[in-house]
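J.: This is the structure I have questions about; it appears just below.
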Amino acid sequence: MDSSYKARKEAFVSNLAGGSILEINAVTLVAPTSVLLWSVLQSRLSFFIPYGALALVTDFFLNVLPILFATTLYSSAPWTLNILLALPALILLFTSTPSRTQQKAKPPRPSAAAKKNTPKHASDSPEPLPVHPFLTTYRAAMMVITCVAILAVDFRIFPRRFAKAENWGTSLMDLGVGSFVFSSGVVSARSILKGRNSHSKKAGLWQRLAASARHSIPLLVLGLVRLYSVKGLDYAEHVTEYGVHWNFFFTLGLLPPFVEIFDALAAIIPSYEILSLGIVVLYQVALESTDLKSYILVSPRGPDLLSKNREGVFSFLGYLAIFLTGRAIGIRIIPRGTSASRSPQQARKSVLISLGLQTLVWTTLFVFNSTHAMGLGAGIPVSRRLANMPYVLWVSAFNNAQLFLFCLLESTFFPSIHRETGKDGELERTSFATSRIMTAFNKNGLALFLVANLLTGAVNLSVPTLDVTTAHAMVVLIAYVAMITGVALALDRANIKLSL
């Protein structure tokens, strides 16, 4: 890469201050609003059954393009985009009646041999840990926003206030990094819950650390590949983001073994929220009462690896706290929650109340931690670079709110998903209530994140992103998200799930 252009690229993403949380909320609200319109079309018209070309294009226009437009063409008017999506949904909602059936797509009937070899209770007994469409949609929407932002940020059409803040401030991309980790924590709860349901003896800590290392190795290898690619291609890099050598793949790769250590502590302190708060409170105390903050932010970089990568090393504590908070939420919302005395409706109401209360609690903690609310707040600014306490609280509050909104939409438009007594019927209703594209994004999220990074690198090496017109930028970005969507759908159609 030409040295002068590389310097321009690095300056383009450096020394930024972020934007307002209210604007970030308006932009990210586009995802639930798009799902609102999708849900009305599906619940009232069974629009996406069968899933033909028109359904595919509409799905793409509803669940992918609005997020791209919210961060580019409508970045200065996100509420306008929200209204444009909500208005047809409300009109259709009040001028049509619910579809008489949500069972147009029947699962294939098992063969006689399969029936004979299948225990009677196998297909009739519902899963204790069912698939939740709202959770699939939440994770997929987060992945779409992440994939959009990592390339769009290199174009001028993407506002600088949405790019990562240098030291202090809130931005869309700052939120996206934390949300990626939070959502990983949410789904990690499934393995914990399976272990509890199996009633088998839990493996020892060293065995679990060895197993977690096997999950870490591919991510650490990807981190090394990215490191050598960036250095070898003389690619523009933002050193103060994670450090000289560190990158996000290293953060993701180191999470599993450290999470296992804190999972062992959960036997003593049976609350992942308390463990999370314990980590971030101690970290924040260290930042405020020692020279750690100035060491991370302004100290000259020494020759040792810690000094060169101090942002990545110390911010890891904040991301670990975020992951544990996500796991705590997953433990609450993933189980079926029904019993002889508790109906599916009551179980869903309990989940909504839990998410609502969690949103309120985390938001309150964030307000008192990051502002001078009522003269009692600490007034500590948010820093993604430090992954400090206000950042952890903000990410936790936001993701709980998003989960609440997606859960509310599912409960409103598809209330009968988990009322089926048989597994086949429940799977059919779950499929009916979930966008095919969102299912595909959720199924291979980490693999798609890797594909998005590779495509971003290819575009930046072949297109002068700082100098292209708005029209050219949008053509590139639409083609980019279409390619990622195509990869996601192809993997899903082939029933391939790449576990990294």
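For all residues, glycine too, the Cβ spot is worked out from N, Cα and C.
Checked Swiss-Prot, it gives:
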CARBOHYD  ASN369  N-linked glycosylation site
REGION    100-128  region 'Disordered'
TRANSMEM  21-41  transmembrane segment
TRANSMEM  47-67  transmembrane segment
TRANSMEM  74-94  transmembrane segment
TRANSMEM  133-153  transmembrane segment
TRANSMEM  168-188  transmembrane segment
TRANSMEM  249-269  transmembrane segment
TRANSMEM  272-292  transmembrane segment
TRANSMEM  311-331  transmembrane segment
TRANSMEM  351-368  transmembrane segment
TRANSMEM  389-409  transmembrane segment
TRANSMEM  446-466  transmembrane segment
TRANSMEM  471-491  transmembrane segment
J.: CB neighbours of the residue listed as 'N-linked glycosylation site' within 10 A?
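T.: Taking every protein chain into account, the count is 22.
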J.: Per the definition of 3+ C-beta pairs under 8 A with sequence separation of 6 or more, do the transmembrane segment (471-491) and the transmembrane segment (133-153) touch?
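T.: Counting Cβ pairs under 8 Å (6 or more apart in sequence), the transmembrane segment (471-491) reaches the transmembrane segment (133-153), since there are 3 or more.
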J.: Under 8 Å for C-beta pairs, could you tell me which stretch among 21-41, 74-94, 272-292, 351-368 has the largest tally with the transmembrane segment (311-331)?
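T.: When the Cβ pairs under 8 Å are tallied, 272-292 comes out ahead.
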J.: Let me check one thing: do the transmembrane segment (21-41) and the transmembrane segment (249-269) come into contact, meaning three or more Cβ pairs under 8 Å with sequence separation of at least 6?
T.: no
J.: Sort out the residues at least 6 away from either end of the transmembrane segment (351-368), same chain, that have Cβ-Cβ distances under 8 Å to it, and list them.
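T.: Apart from its flanks, the transmembrane segment (351-368) reaches 329, 332-333, 337, 376-378, 390, 393-394, 396-397, 400-401, 403-404, 407-408, 411.
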J.: Apart from its near flanks, which chain residues at least 6 from the ends of the transmembrane segment (168-188) lie with a Cβ under 8 angstroms of it?
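T.: Residues 16-21, 24, 27-28, 71, 135, 138-139, 142, 145-146, 149, 153, 161-162, 248, 251-252, 255, 259, 319, 322-330, 333-334, 381-384, 387, 391-392, 394-396, 398-399, 403, 445, 449.
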J.: Through the lens of DSSP with three states only, how would you label ASN369 (N-linked glycosylation site)?
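T.: The three-state answer is helix.
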